[in-house]
């Protein structure tokens, strides 16, 4: 057999021959060095699977190995032994399809990305033997011919190429184009043809071996379409050719759930319904047809007659607690409402009769199907289904009884909303709270954050087989855990999600201790303080640029919030150095902050900034070395920068990636501090010497960016997690492990000596640091030759003598410069004699290594090489005997324990590095195979065969319109290889025929274009596996490329769905305190839910005192802004407000109201446009943006996404803006230290914006007057008329200042209207009630005895009918029913009755303003978030966009003298126009046929009611002129808005126009009666 070397071609071989020997020698040396680097670390285990369809799973028919892709790696799994082998794709492209050869010796893979290749691998050697690069975008499916001579590959839908490849000759023998999207391919048993299936596509391709062998060039491939008949519009998701007796038949399944059989004439012979919503995959052998369907269902049919045989058991249900599945009964029991993952891929092992299934939650099961009545589970594993964001290694606990997890455990978190606890040595998990489960050998526990089980499914996989992409809205509803951190004592697990919620779980009981909305955006980093610090703090850093410091020892009470950064914070770390506790943080603003902890008061901790460093590149991650002296930071320019923590000076810089492009994403030091691992955006991993910067190892295998990595505590492994949902466990080389363990032993030994000789705690810390530093001989002297940035500024931290900086400079650099170390030459030589030399000296005499190993064993590692006494193999629990049978099919006694036990013989043969002490070939120890069967009971899955009806076609169904000898459009007779038989695709039509099947003409270019357009993403074609970009770099751009921007997927959208004021960050930023260093304990108690989250009891004294000292307006506001997850908060808002209104007993108006910086009157009026009868909110949008708004939005784009700030001033007496614009204390617009430190931002944009906003304030109080008129009451009807005219006058926008009267004693003040700031209210009615304001002192004196009833009446009518009119004019179908209106009126009446205290108007202002505030888009907040969509507040009412340009501004307090006759004329004309429009609309709906649409009746009723309301308002106005001092009582107001006759009788007069109103009502009643009669006649 002529094999082709990996990556070689004729051209490359010719170039090699022509090259000079010296060039070849140099290249050979370089290649050897690179190979050494990649071989230093080997892939030991993969915890993940990336199968996207049935073509991604295959089984070796000889050995039973199951092959599946995991990123850029092919995993070869032996289910019997639970053993993995791996094939790494050297091209770094994602593997999309694979298949075994019939003899099992070779494996063919297809990949995605630019210019993908089809590769053939030797399974035994795991090396590449052949390569074909004839596709452009990606390989959809591959298959070997039964003779292993040919390989067929089909490209992606944009590629549309089918290639038949003689892979041993490296020749493409035949090719053709295919017009449809192809998802599957299958060879016939005799290799004479193969079949492709896809969207409305089943095609038979015929191989003419005689012709292809004679012609050296590629010949056109002959293809003929299957005759689909009625099913031609279906999506065929998978295809399989028959075996033995049914070898002439071909079986397909459709996405709609049909199993179809084609006969040898390509005719659709018969089909059967699978009784499922979706069918994904099919597998055919001699005896059975397996059909993988939705909800974990696998149907089994007889291939001879398509009769139903059985349904296989389902896998685990979604959301199951796998830690409790320790018995077979728990696995095979099913709840009534249980949901299961879909079956997406299957493969069959004919030797063992095992069926392997992959489900779309990334789980793999191997079932024993020897007996369909007794199907057992042989193997199963569960993995993450989405991006894995972070990993944490469970710390080593000295007291094993205190450990919550077994040794060698680690924790991962993912976008699938789960936190998973893994263990690499499952035989050792006894003695902890977690026990062995029967679902996974590696996974111990799944912590599901919420009840949304859909998040557990792979969103990239389109289970329906349709072309619609995954629902991005469903993606955004997921929480997704972004970061995790384990406390040093191993008791608590902290996690932060994408929405900013912080959770803390107790690992012993797995209960949730804390859940608080800490941030406005995703939490990027969590960090517990080290035990050396003497503190138990938790730092939470987020994309909202804030750091919250919580004290874990005090129930996670908030200690401090830091807002120095001006952009996303990517990392935060604690360190204890020189007796000081320090915090270091870095972020996307290119800044590094060093802070020192100080004690404030008795026990509070306060961090103050000591150093601020700015670099020219974004800082993506940071880690502190174990000595706590240096911080290593990974930067966007692919450099690692080392900083001294004490001085803040940069100590060293070196490259952190071998590639020339990309960005460093993560950095991580090992437990000894000798090495540092980095991950780059090119998906590669590298390990460098921490002190010299020399690369010692490289790794690849992930298909997406590596998002996290950690060294294990035993220094044997490096674990990496990635966006491809996989967890890779890498085994480090023996030399690296030995070096790290030797280093740890020396550090511990010197630490013990220092502890014994030290007499003071501070001196202990200093000497321990020096002891760590003194082991510098381990480092290479190459560091002397490298330049060190800012080295001259290095301070003396770590010196054992308190000397000046100049005298100890050399000593502080001892760790970097060996020549200046404190050790003597003799000590250095002794140390060197004990350890192997570092770097580029990997091949050493065996004697040295043996000595090193012995030294290591003598020090601390004897126990790890002790023989393993654990139980070998799977031992069932005591209660399993009656539940399931353990079938041992293994005839080989495994000499090792189960996976990860690493048991070793008693006699250890010390070996050199070249031998296999840490070699990958020493695979996971084999355990006994165990098959778990359900209880012996009647199988419910055995349904009656008659239930699945087999349907067939009449014998002559194709006689009239099909010519079987006609060449197919993809046949060789078609010169351009064009396809024809498939008619253009019709979206959303799956089974209904849309046009006749034509075979008479070739498709025109136009038809091909139409067909191509139909295959776009909007068409029903499954394209989940097609990458968005050639190398799938979209993941990096979304999650790492824009940390300084706010437009990441799931960022602003998720933030907008949260309550604007629910997180700690929001409350912190809304505080108006002038000092940034003010203690923020008050943030814990500003809302009703936060004390419960942070404090153990609601009756905390601080809470009581804080609540009592709060102004009632602030309390009311806090109750208005509650979490959207608690919808009942909004429903209870009225109740809270009434309660607080009962409390007020002070003066008429509080000081808060006197000094309140008001919104413009636009806001006050527009608030009424927002509240509907049932508490819903109708949002209005400003059409024109001011310059300040544009600047504000530009700043939002430069800052982080956050929520809307809408809070009152939390400190009484401090001027602030109600909508948060002028709250200077904490605002995203305020300058931060980072922004001021940059030359490019010499003046903070936040300051400019705040200044402009301040100047733009539309209205300001002088603090002396009465704010009562803001309620909008009408005490005097004469004044009401004037106010109404004034309100109408302000419709005209004037850019100049207008004098406006105030209700204060000064009566007048100046205000500036914003030019072009408009609020259009859609089609107002002629005299719709507007808020009116009093304008003179006389008016105030006249209305002073006014009762609360009169003040509420107009407000009630305003809020109701404004919403109604807006809905009516904008054409909204949602109408407020009279009953709802009445309910709203009742609630407002209750408010009136409650407001019998003198301070009623102050609190009503708060209620009225807070409830109706988010009207102005441009002015609502300084946060980059618009309040257009507040899910959870009002789902029933659609947001109404303004249409009418008539009302461009809301009324202001204009004085009477400012009203001109021209303005009155304009208002009067507008009133007439509005009235005519309303009357015209009324006539149109009443004169039309009422039976045509009942909606017209509703509209007519609404208009009639509105007209009546307008008339009553006019009557009130007339009566008010005659008796201005009259005021209604609360009893009079009851029903006043709805029952005008009561008011008529009450006042004893017949108002003008009642006759016309009654006539109008009578006419409407007659029309309504006619409509009902007509409808009844039609029904009869």
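Every residue number used here counts from 1 along the chain in the order it is shown.
Using N, Cα and C of the backbone, Cβ positions are placed for all residues, glycine too.
Between the stretches 720-739, 820-839, 840-859, 860-879, Swiss-Prot puts its region 'Disordered' entry on 820-839.
In this model, the repeat 'WD 10' (614-653) carries an average pLDDT of 93. Shown for the repeat 'WD 8' (518-560): DSSP residue counts in helix, strand and coil, namely 6 helix, 21 strand, 16 coil.
Using DSSP to sort the residues of the repeat 'WD 3' (177-215) gives these counts of helix, strand and coil: 6 helix, 20 strand, 13 coil. The list of residues near the repeat 'WD 1' (90-131) in space but at least 6 beyond its ends in sequence, with Cβ under 8 angstroms from a Cβ of it, reads 3-4, 6-7, 50, 52, 55-63, 65, 67-69, 71-74, 76, 137-144, 146-148, 151, 153, 156, 163, 165, 167-168, 170, 682-684, 700, 703, 724, 1025-1027, 1030-1032.
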